[in-house]
Amino acid sequence: MAIARTGVYVDDYLEYASTFPAELQRLLNTVRELDERSQSLINQTRQQTKYCLGLASQSSKKGNGNHYNNGGLDEEETIEKMRKEIESSQENALSLCTEKVLLARQAYDLIDSHVKRLDEDLNNFAEDLKQEGKIPPDEPSVLPPLPIVPKAEKRKSFYGTPQPKKIDYRDRDWDRDRDFELMPPPGSNRKDLMPIEEQPIDPNEPTYCVCHQVSFGDMIACDNENCQGGEWFHYTCVGLTPETRFKGKWYCPTCRLLPQSH
């Protein structure tokens, strides 16, 4: 009976996962395409900014050395036109990066759903083995899980989160807010997923923060790339709220004690 049921579980899962490789490949290819396009825009704005600053410097020298500014109006018009082009390119690049993050979240959720389905089938198969006396009744219902997310994974990974609030990029401190809106903490929407009945917490689920718990709710990332204090931190654990969150460089309690954080 157990052997027959094994075949059923395998066939069902293979059918369920039949479109998985193509879907994942499509998402990753799109992410790569968006990354190339956004990087091209970033390089373009970098060159435009450099040229614009050089033009402004030359205009300033001409103004200081002469009582008249020959061609100054043309240079100002050129600088203003280029400034608008730079702003437009930045907005387009930011839009592409946001789309890239959303696709990366979809890819993670896709992988996560297949892993959960596999865990569920393994649990059901283990229960069948118990009923047939193939394994002891007190054997854990979950078979040893395969590692999904390496614990050494760094904080800048993209994972699924609830839908972010609409961002007004012109009024925000991009360097700080990108950690909140575009680079949310790993797996923070898992509280919304229905867990498999009676399944214990996956021991491979990464833990963060000073509380050493899994990610959930609003979290903030430490700006120390080599953070050893938890990498991502729940607002409540570090005394933050969405209204009082820190703008600028933010370091966790552990990294604040390091010299380079000052």
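The backbone N, Cα and C atoms fix where each Cβ goes, glycine too.
Feature annotation from Swiss-Prot assigns zinc finger to 206-258. Taken from Swiss-Prot, the feature site 'Histone H3K4me3 binding' applies to TYR208, MET219, ASP223, TRP232, supported by similarity to another entry. Annotated Zn(2+) 1 binding site per Swiss-Prot: CYS209, CYS211, HIS234, CYS237, in sequence order, evidence recorded as similarity to another entry. Among the features that Swiss-Prot reports, Zn(2+) 2 binding site is placed at CYS222, CYS227, CYS252, CYS255, with the record citing similarity to another entry.
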Output field, Zn(2+) 1 shell: CB within 8 Å of site CB centroid, site CYS209, CYS211, HIS234, CYS237 dropped: TYR208, VAL210, GLN213, MET219, GLY230, PHE233, THR236, VAL238
Residues in the zinc finger (206-258) grouped by DSSP into helix, strand and remaining coil: 6 helix, 8 strand, 39 coil
Those binding-site residues, out of CYS209, HIS234, CYS237, CYS252, that come within 10 angstroms of ASP223 (site 'Histone H3K4me3 binding') at the Cα: CYS252
CYS227, CYS237 as binding-site residues, winner by CB count within 10 A: CYS227
Neighbours of TRP232 (site 'Histone H3K4me3 binding') among the recorded positions TYR208, CYS209, MET219, CYS252, CYS255 (Cα to Cα, within 10 Å): TYR208, CYS209, MET219, CYS252
Cα-nearest neighbour of CYS227 (Zn(2+) 2 binding site) within the listed recorded positions, CYS209, MET219, HIS234, CYS237: CYS209
Among CYS209, CYS211, CYS252, CYS255 [binding-site residues], residue with fewest other Cβ within 10 Å: CYS211
Alpha-carbon spacing, CYS222 (Zn(2+) 2 binding site) to TYR208 (site 'Histone H3K4me3 binding'), which is rounded to whole Å: 11
